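Heads up, the thing below is written out as structure tokens.
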Amino acid sequence: MVFEKLFMKILNKERKPKQISILIIGLNNSGKSTIVNFFKNKDVRKSVSIPTIGFNIEHFENQGVSFTAYDMAGIGRYRNLWEHHFKTCNGIVFVIDSSDRMRLVVVKDELDLLLQHPDLKRRRVPILFFANKMDCIDALSSVKIAAGLNLEKVDNKPWQICSSNALSGEGLQNGVHWLTSQIKECVLTPPDKEVYD
Amino acid sequence: MSFKRDKKEEEDGNGNPFQNLEKTSVLQEARTFNETPVNAKKCIHILTKILYLINQGESLGTREATECFFAMTKLFQSKDLVLRRMVYLGIKELSTIAEDVIIVTSSLTKDMTGREDLYRAPAIRASFSITDPTMLQAVECYMKQCIVDRNPSVSSGALVSSLHLSSQSGAGDVVKRWANEAQEALNSDNIMVQYHALGLLNHIRRNDRLAVAKLVNKLIGQSMKSPYAVCYLIRIGSKIIEEDYANGTTTISDTHFLEFVESCLRHKSEMVIYEAAHAIVNLKRTSARELAPAVSILQLFCGSSKATLRFAAVRTMNKVAILYPAAVAAFNMDLEGLIADSNRSVATLAITTLLKTGTESSVERLMKQIATFVAEISDEFKVVVVQAIRTLCTKFPRKHSILMNFLSAMLREEGGLDYKTSIVDTIILIIEENPDAKESGLSHLCEFIEDCEHTSLAVRILHLLGKEGPHSKNPSKYIRFVYNRVILENATVRAAAVSAMAQFGASCPDLLNNVTVLLGRCQMDIDDEVRDRATYYLTILNSSNPSLWKNYISSNDQLVSLSLLEKTLKEHLNGALTETFDLSLVPKTAPTPTVTEDAHNDAMITTNSIQKTPRVTREEVNVERLLQIPGIQRLGPLHKSSPSVQLTESETEYTVSCIKHCFAQHVVLQFDCVNTLSDQLLENVRVDLLLPEGFIVRHVIPCAKLIYGEKESTYVILEYPGDVASSSATFGATLKFIVKDCDPTTGLPDSDEGYDDEYMLEDFEITVADQIQKTKLNNFVVAWDAADSEEWVELEDTYQLSAVNTLQDAVHTIIKFLGLGPANATEKVAEETHTHTLLCSGVFRGGAEVLLRAKLALADGVTMQLTVRSTDTEVAEIVSSAIG
């Protein structure tokens, strides 16, 4: 009896989709909520998004992994709230408005702060950059943004930058696909823990 | 109140699972919130613990709360219904302590506008606890929708949240814009929505009397479905009527509304019926015609099977009993039935009501009935009973022996200090007011102190024994009781006993020898204070000089305010010590009123409201301020300060009120000024007086600077005219000042240039009452008879008081005009009598004593025969002429 129960427990655990929490951050008006909106089922999508105050929690699935996305507010006065979630997140999505050349320096500041944060500094957390609003005429290319942000200096975390258009969904799947595979690799199969898959 | 506590204790006995929670360990557990996936069941339990702790009064620090709050925000990822609702509660509780609570705004907004109805209402309420007025604009459109939502709980939640919000500063104007939506919600079918909508509408308009009246009038016309709303409507309406009545205006809508309240007596909901009856009873303008149906409703409720209804009815009856004893008297039978009620609080209220309305003959029977259950009720209710007995004592002085026996029986039983104090107060009151009861009262008290665990009470009783004992028939009887204290009690009580014994020695020459022997023994006491007192009294008693005895032992008339004496002595010690201390500089004060004020409390079942703050008289407060005026000492001690009088309308550019401080030959006028114009700075503010003949201005102290919104004072010192007769007079007054325009935000003047301006104030009077300090004589008759001598002047005259209609009004008027203190409880006129005698006493400035006897008779107005006895002819004249 007892063994049977134990076995069932292990079996259940195996089948259950993995719960992963990811943090979606970036300056205000960069398209974070719109990106999250795109991943939700078609029937619950919103047509208009308004500036987020605080944060929103959304759930979606991708390649058998269940994501809990913390869609954080990007407005200046709420950015200090991001760090409350650094400790518990398994992956970070950093959204950049590629048409906003002016504020690229602000993005760099925020990114540097994030990378230096004690909760993240030594952790191997995958970071996905979305160079969003690629449809805009004066949008910077993802390569230029990567250069502008000095991304090549980031060596202890896997990162990837994708151009995207959150309105049409272009580029989003690619990015998330990469993120999922990275997470599977470095979170769900940590070297010192037993592997179920 | 007390049952609640009892009930809680019972629960505790059964083992409250949360009883031994500790804050730190619970907060530790709260880290579980961060785990993924969320364990809903566990988190709900932890949240419950946190809420329990907060509601038990445990205080969380800002950091703790913030940490806990952010952990809690993680729980939004769970889809568990119960957990989500617990999170809402948690947000509400922590929102005031934690920082950055704004973080959950979007999460809540999502739930507010989502499809899950179970989330929406609580999300609205939670969201308002974190919203500050600056963000209100953003949620405004949601709110408007929510108020008119079809779901009643959503609509209610929105209405109540708006109500809370509108009392926050800055949010009121935004909420005002939602009035149309609230109006729409008022037509809802749901009883709660209707009630809450009415609440919000009333709150929005609360500053606009006309608008409220209009709202009430409109709603009276439609019959509202919700009994809660109707109750609320009755309350709003009664408030309007009460205000109108206080202003002396009665409008047509008031009459209209009164009819509505009467019609509510026939409403189908018991709650509304009770509310209507309650309103009618409490309205000051209620006449006997309107009262009758209300009282019969209450009578009906007394027989109800629901304990709450019986309680409410009896409680209101109790109120009626104070205001209109005659109206309740008819229903004594119903009330007597309730004495045996299984609910003790109902029974207690019924008894006390009966005691208030009962006739002299029924007292004995009632007391017997009380005795049967007094042991079963809690201390709070016992105090209520004692207060009822106290009023009974003043009403039926002849029944003192029964009441006194009952009280002493109660004294012997177990009880807390409050309860014992109220009994002792009552007995002392009886002794003071009723000479026949003195002997038996004193012996009951003697018996009590034989076994009294409360030091404060023992000291009071010993003091009383020292005061009254020597004048009784057999003083030696009390000495034994007093000396027993010296042997058996603690130091404080021993000291009091020594003082009491000295009183006997000073007042009864035949006991002097015995007392000196006893005091001699006390000199061996181990306590310093006791030995000091014994030595002090012994020396004076051995001096064989009766005038010394009188001045230093038996005369109790020390009227110096002790707190002020302490203060002046301290100041003297801190000073240069070049001058000797002058006791006459310390102001004498009126004796503080003892029990008369508390008597109003007895209508309430809660006795927690009795104030414990030490009473400070107006004079004591004022002296501190006055002492800052240079040279004020030369005027001698302060005799009396008048209450503050407004010299301007309350909402004008500048508001000024005046306090008259009366000294022996001078009056100090204190003008408290407030500048309500934010763009003006006033300088050199002073009051220019139009003096009547005889008054001389001695000094003017202007106020250098009057900043916007701050209260500052300017003083004028006047000397009274030589003849007392012209000392009550009317003054014209003008406020004079220099205006400087200034920046409203910084308060700094725009330029150094100002211009002179003045502002007319209303005239004010110095009346006779301003110059008389009331005294409280324990035995007026003795003083009155003693004043029938050469040194005293007597004036007698008869007046027709046309302005008053009842004896009680006449008594109030006399006391108000003369500022005298009533004696022997004669300020209360018994019901249904046509004659009354008012006795009162006071001291005129300069020290002339005034005794007054007013015999009043009721017949087409009030006729009064006024007899004034005073030590000064002029004073007697001015007092007797003040009434006419």
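Quick reminder: no glycine exception, Cβ is built from N, Cα and C everywhere.
Nobody curates TrEMBL annotations by hand; they come from automatic prediction.
The GTP binding site feature in TrEMBL is assigned to A:G26, A:L27, A:N28, A:N29, A:S30, A:G31, A:K32, A:S33, A:G74, A:N132, A:K133, A:M134, A:D135. Around A:K133 (GTP binding site), a 10 Å sphere centred on its CB holds 24 further CB atoms from the protein chains shown.
Here the Cβ of A:S33 (Mg(2+) binding site) has 23 other Cβ atoms within 10 Å, regardless of which shown protein chain they belong to. The annotation Mg(2+) binding site is assigned in TrEMBL to A:S33, A:T52.
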A:G26 (GTP binding site): secondary structure state under DSSP, collapsed to three categories: strand
Max CA-CA distance, Å, over listed GTP-binding residues A:G26, A:L27, A:N28, A:N29, A:S30, A:G31, A:K32, A:S33, A:G74, A:N132, A:K133, A:M134, A:D135: 21
Chain B neighbours, filtered from binding-site residues A:T52, A:K133, A:D135, Cβ-Cβ distance under 8 Å: A:T52
Local Cβ density at A:G74 (GTP binding site) - other Cβ atoms counted within 10 Å: 23
Cβ atoms near A:N28 (GTP binding site) (within 10 Å, other residues, all chains): 15
Among A:S30, A:T52, the one of these binding-site residues whose Cβ has the fewest neighbouring Cβ atoms within 10 Å: A:T52
DSSP three-state assignment for A:S33 (Mg(2+) binding site): helix
A:T52 (Mg(2+) binding site) and A:G74 (GTP binding site), Cα-Cα, nearest whole angstrom: 8
CB contacts for A:K32 (GTP binding site) [other CB atoms within 10 A, all chains]: 28
A:D135 (GTP binding site) and A:S33 (Mg(2+) binding site), Cα-Cα, nearest whole angstrom: 18
Sequence-distant neighbours of A:D135 (GTP binding site) in its chain (C-beta under 8 A, six or more apart): A:N165, A:L167, A:S168, A:E170
